Structures are given as C-alpha cells and as structure tokens.
Amino acid sequence: MALLSSSLSSHIPTGAHHLTLNAYANTQCIPHFFSTLNAGTSAGKRSSLYLRWGKGSNKIIACVGEDSVSAPTLLKREFPPGFWKDHVIDSLTSSHKVAASDEKRIETLISEIKNMFRSMGYGETNPSAYDTAWVARIPAVDGSEQPEFPETLEWILQNQLKDGSWGEGFYFLAYDRILATLACIITLTLWRTGEIQVQKGIEFFKTQAVKIEDEADSHRPSGFEIVFPAMLKEAKVLGLDLPYELPFIKKIIEKREAKLERLPTNILYALPTTLLYSLEGLQEIVDWQKIIKLQSKDGSFLTSPASTAAVFMRTGNKKCLEFLNFVLKKFGNHVPCHYPLDLFERLWAVDTVERLGIDRHFKEEIKDALDYVYSHWDERGIGWARENLVPDIDDTAMGLRILRLHGYNVSSDVLKTFRDENGEFFCFLGQTQRGVTDMLNVNRCSHVAFPGETIMEEAKTCTERYLRNALEDVGAFDKWALKKNIRGEVEYALKYPWHRSMPRLEARSYIEHYGPNDVWLGKTMYMMPYISNEKYLELAKLDFNHVQSLHQKELRDLRRWWTSSGFTELKFTRERVTEIYFSPASFMFEPEFATCRAVYTKTSNFTVILDDLYDAHGTLDDLKLFSDSVKKWDLSLVDRMPEDMKICFMGFYNTFNEIAEEGRKRQGRDVLGYIRNVWEIQLEAYTKEAEWSAARYVPSFDEYIENASVSIALGTVVLISALFTGEILTDDVLSKIGRGSRFLQLMGLTGRLVNDTKTYEAERGQGEVASAVQCYMKDHPEISEEEALKHVYTVMENALDELNREFVNNREVPDSCRRLVFETARIMQLFYMDGDGLTLSHETEIKEHVKNCLFHPVA
C-alpha cells in the first residue's frame, strides 16, 4: 500500500496519471489517497480515480485526474468484458435440435403419467415374498386342513428364483433375500409341500448367511433384528438344517435380546409404535387381548400383512381377516410388505414431477393428490397411509413442505412430535432411528419457514449437521431407501437450499440423480412404480431439451436487440445479456412466458446500463437531464445529451414504447404511463445514490435500506414484466405487488442485502461510501465489520422467512405474478452466492449454471 501511495502522490497535481494494478488487487487502499490527491488540485475541482481494463482484461489501469465537483462519484470504472460472445454461444448451440417425433412422444408421456395419477388408489407396489409367506400360513377358518388363502401358497411355490431364494429378482440385497427365503421355507415346511423348493432355499440360506456380514448395516430391513431371530427359533423347532451357530446369527440374536431388554412391557400397549409393524417376531411376549386395542381402523397392524396375519392366527380377530381379504382382492395371489401406501405415493409422486421440472403438465392431478393428503392431515403428523396410527417424520416433513407451498394451511408445530429432549429429530416418536432420506426431507422442509418458527430453524440446524456428517460417512447411505444417487441429492440440497434452488437448475440436477428403479426398505425391499418410473425421467429429459431449444432462439433474438440498439458502443457499462436472460429462463421457463422473459431481460439490461450511468459515469447535470427526458418522454432533450447518453435514451425510448404497445394488447388498456411511472421512481433512487456519492455522504442504515431496496431495481423489472404473465392485471392486483406492498419490499430488501454482502468490499475499494455494512457501522461505531456483516445476514434471513409467508399466503395475486416476485428474490440469492455473479459471472458458478440451463442438453 505504501508503494502505491508513493506512486500516486509523486505525480500530483499535474494532469491525468496512470498506474497499472492487478485486477481487483489492492483496490481497497484507493480511498486512503484522496486526501493526498485533493491537496494538490485546483479550487472547485476534485481529484478522481478512474479504472479501466487494460488489454487482455487482466489489468486495471488507475487514472488520476481533475473532475468537476458535480461528478457523482470519485470512481469511474469499466468492467471485464462479457464472456458470452456470439461465437461461444454458436459453438454450444449449433448441434442442438429437437425432433418433431420428440414433441409427439412428450404428448404421449404426459397422457400416460396423467393416467398414473388418476389411477392412484391405496398405493401400487410389488409383491413381498416375506409377507405372502406369513399370510399363506393361516389355516382355513372352516377348520379344514387347508390354507385359508391357498393362492398365496401357490404363489410361493411358483416364484422361487433360480438361485433358490425368494424376493425381487432384479435387485439383490442379502438381508432382504435371506429374510424372505427363511419365511418361505418355514411356510412350505409347515404345509408339508414344496420339498424341492425348501431344499434349494436352505442351500441358498447357507451360502448367503456366511457372506451377509459384508453387507452394510444400513441395508438391514426395518425390524430385521426382531423377526429374523424369532423365525430362526421356529425353523430350529421344525428341524430345518440351517447354520444356527454362525457368528452373524448369534450377533443378530444378541441385538434382539438387547432391544427387548430395553423395551418396557407397558409401552407396547400404551400407544402405537413401530413395534406393531413386527408383531410376528414378538409372539412370545405379546398380550394379544391388549394389543387388539391398537388395531388400525382398516383392521391392520400398522398396514403390515405379516403382522396382521400373526395377530389373526393368535386371536381370530375378524377385522384382521377382513383386512387380509381386502389386500388380496387388490393384488390377487400375493401381498406387499405394507398396504395401503396412499399418502406416501401421492406426496412422493408430486415431489418427483416438481423436482424433475414437469409439474406444469399435471396441475389438476397434483391438486387432486394434495387435496387427498390434506383431507387426512393430522396435527400430530402423518404416516405412509391414511389409517396409519404411527406418524413418521419423512412423510410429515414432505407433506408440510409441499402442502404449505401449495397454499394449504399447515403448521410447523407438527415437527415437534419428532423432536426429543435433546433437540434431535428422529423418524418415529420415541425412537432413535433416522436415515439420510428422512433427514434430507426435514432439511428441505425447514427452508420454507415463516417468521418466528423456531422449530424450523432447529430442524435446519440439526439436519444440516446430520447430513454433512453423513457425506463424510459412506456407510450412512441409507436406512430407508436404495436410491441411484442420494449422495448427489444431499450435496445439492446443502449447496443450493430453497432460496438458491432455481427450478431449471433443480430439474437439471434431479434428472441426473433420479433413479427410475429406486427401491425402498421397509421390513422388506419394495418398489413404488408411481414414484420411480422410467416415464417420468423420459418426459423430463425430452421436455428439458425442448424448452432449452426455445430459450436458445429467444437468447439469439435478445442479443440482436442489444446490438441493433447500439449498446455495444457503450464502454461504461456491462454487457451481460446472456447472464440476465438466464434469470427468467431459470424460473419462468415455460413456453407461454416467452414475452415475459424478453421484457424481463430487456428491462433488466436497462437497469444495469442506467445503474452504471448514474453510479459512475454521468455528471449530476447529465443525470438530471436524462431523468427529465424520461419523465417528460421528450425526444427534444436528446440533443443536449452526451453521445453515449443519447444511445441510452434512444434505446430506452424505443424499447419501452414497443413494450408498452405489446402491453396494451395484453392488458386491453394503455400501460405506457404505468411503465414510465415505474421508471421515474427507479431513476429517483439512482439519483439519490449519485447525490450521496458526490457528497461522500453515508446515510443511516434505515435511510440507506429505504432507497437501496428500490435502487436494486428488482421492483422495476418485476412490475413491468408482470404485465406479460398471461393475466389481466387490475389496478387492485397491481397494488398488491406494487411499490407499497410488503411482498415487493421484501424482494428488494433481500436482493439488496445479498448483493451488498458480496460486493461491498470491492465497491468500497473503488470509492463507494454507502453499503448496508458501512451504513450499519456508521450507526454502531462500536461494532466490528464482521459483526455488521453478521447483522446484515440476520436481517436478510429473517426477511427471507417473511418472503416465504408472503409468497404462500398472498393468494389474491395470480400464481404467475407471485412466482415472478418470489423467484426474482431467489435468483439474487443464487447470483450472489459466492461473489458478484453478474459482473464477474465468468469467475463464479453462474457460468456453469448458464451452460447447464441454456446450452447443454440432457442426455
């Protein structure tokens, strides 16, 4: 810094002087020299420091010279050139085409998926050999020496796999196979049938029992340590030749004994717990008359056919038999591991189409599904089925998040059911079980918090800690599901939480992570074809590429608009057409919003041009002239403008006349006056900042925020773009998203604060005097910069929670307008996630986001 000071001061006061600096290096020291510089300048003049990019764009040339006191700032700067040149874009888009046959296939897939939603009943799932074996044990109720359900016994005989096991043939999970195989050979032995199948099953068991310890504990099905040892004991009584003395078997038996020792007998009957799911493994300790009191309304015990079959064989309870008949009527000759799964199926299907970015095709189906879930919502939480007496945090968190975002009235207090005295969250009440998938869903849920919801903040903290630890522990993946890339899902969720996760980017990511053959783990492995399905993935890929091709055409048109408007001649501003277009394309991506995207992009580009003009280029007199020209909409004033300002104004005038004409057609009334008024307010905010800068005035934090929430210009972009969202907007509706609305204020506030947190240091080094951090430090001179920055983040986080509430509850505003406001706030969180993603997009992740959203098709 001393060397730089010497280099500059030694040349004062004669003329303009230059010093080459590394880009952005040491610029924070620049303000320290102004007192020295000004000492040698002429009366009525001020020394100013100008920055411009040297050749190669890796150097900044600092130029010291005299300027009139009416200059708005002490710093005039040029910006790094735009990365997205036409030849770069052409190289990425030249081979990308969507075939007509793809569009036809999209229509077919949409129809087929709609039929899937419409046919949802109690839940589609696959056979469970384990549960079918238990149902097949039931003797005929008429007293004959036959099975009550002979079709289930026949299913076992016909569905043994080639290796001698029972279970799903396409996916091998040793724990699952050995459990199902043991259940089947016991049932066949009890009925004295299938000797060949029994022998093959025993051979499989012996082979796999030796290897099973190589499989991760996280792949052990729910209740395995309860039911497996109990069946081994039964097999031993039946004289089956199994390796009972293997270390693995002894270890599982010890786990069962330890678990039962910790279980108070009275808790089994006091309230419903997950033990109801495994009663077939607890037959020696269950009081069958007491347990009946915990039977579900549908006659089942926690929807488990195996558990329900065991209770029926012990009690003869008619409701148990009715439930089993009900299940077999649905599935024919077999049963699943649990049934119904109606809430689980609907919630996860909705989540799937939303994350894959294809939900717009299924609005009615989604509403029907969520209406169904909401009709069974319980303040204690929900489980996987409507008659489920034991709520779980997985389904509850998924339901809370999705229902809330769709406008249903649900309270976050429901999560308190799953929090223990230490503040930890678990899947089931009173248990210590939790897995990556359920904690991931709680984490996703926690980000749609409303103000004052401490339970959501606690859930966020707890789950983030758990998930980060899980990423470091390979064995943590996963207790409840075998997913294609759960690790990738977790990494995305932690890096791009709700307020940074734009729809197109989430869709792009989830297309890569989604597994059409994913399976879940209950007591046995099971599949959900209406959740994991190749059709979802195929549609998502085709639809993404189709939309992307439309976006590429729009971008080319917008880049031509920039050039034809003469903006390439403006050296004082940033050319960021591609990055700016990426914003609406990432959230208002649907084909019907093409005009909205174009207006959003053009308006945003003008906010950048005029921000740079008012911030660091024009004199106060020039800026007043420009503002007056906009206010009067008067071309006669143009001749008095400098050449570059003429280009700005003529482009501005022509563009917004065209936008106003299109708006008149869309809205059925003249909107030019409305658009001009929006801009007048915007330019007033720019002018105030220019005056502050010229006077070296640092306002109070509140004064700064009041103006800066407008000067960030998000409101201007949204208020004009809203005219093109496909809705006729009355004055009343416009007022609900207007300058005076809390919704718009929060969008501007959060956008300004996140911008300041990532740019205040660089801008301070360039001579800027006002930012949220600096203004708060002025109000509180006793605090450190770090403390001020922390305060700004706190204000922003609280405002984001309030923004959530406005977005969800502001139902008098059309959905497309609500989205426009809310998503504009979110895109700011993404752009300024790790730096100035607009000015320095080529140095941040925005560059890759642009590629993935606009240029790289999914394969």
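Yeah, the Cβs are placed from backbone N, Cα and C, and that goes for glycine too.
What you see is a predicted model, and the numbers here were worked out from it, not measured in a lab.
Swiss-Prot assigns the feature motif 'DDXXD motif' to one of the listed ranges (591-595, 611-615, 846-850), namely 611-615. According to Swiss-Prot, the feature motif 'DXDD motif' maps to residues 392-395, out of the candidate ranges 376-379, 392-395, 404-407.
Taking only the Cα positions, the spacing between Asp615 (Mg(2+) 2 binding site) and Glu763 (Mg(2+) 3 binding site) is 11 angstrom. Burial estimate for the binding-site residues (Asp394, Asp611, Asp615, Glu763): highest at Asp394, by number of other CB atoms within 10 Å. Recorded residues Glu763 (Mg(2+) 3 binding site) and Asp611 (Mg(2+) 2 binding site) have their alpha carbons 14 Å apart, per Cα-Cα distance. Every protein chain considered, the tally of other Cβ atoms within 10 Å of the Cβ of Asp392 (Mg(2+) 4 binding site) stands at 25.
Counting only residues at least six positions away in the same chain, the Cβ atoms of Ile712, Met828, Tyr832 sit under 8 Å from the Cβ of Asn755 (Mg(2+) 3 binding site). Remark: secondary structure over the motif 'DDXXD motif' (611-615) totals 5 helix, 0 strand, 0 coil, with classes taken from DSSP.
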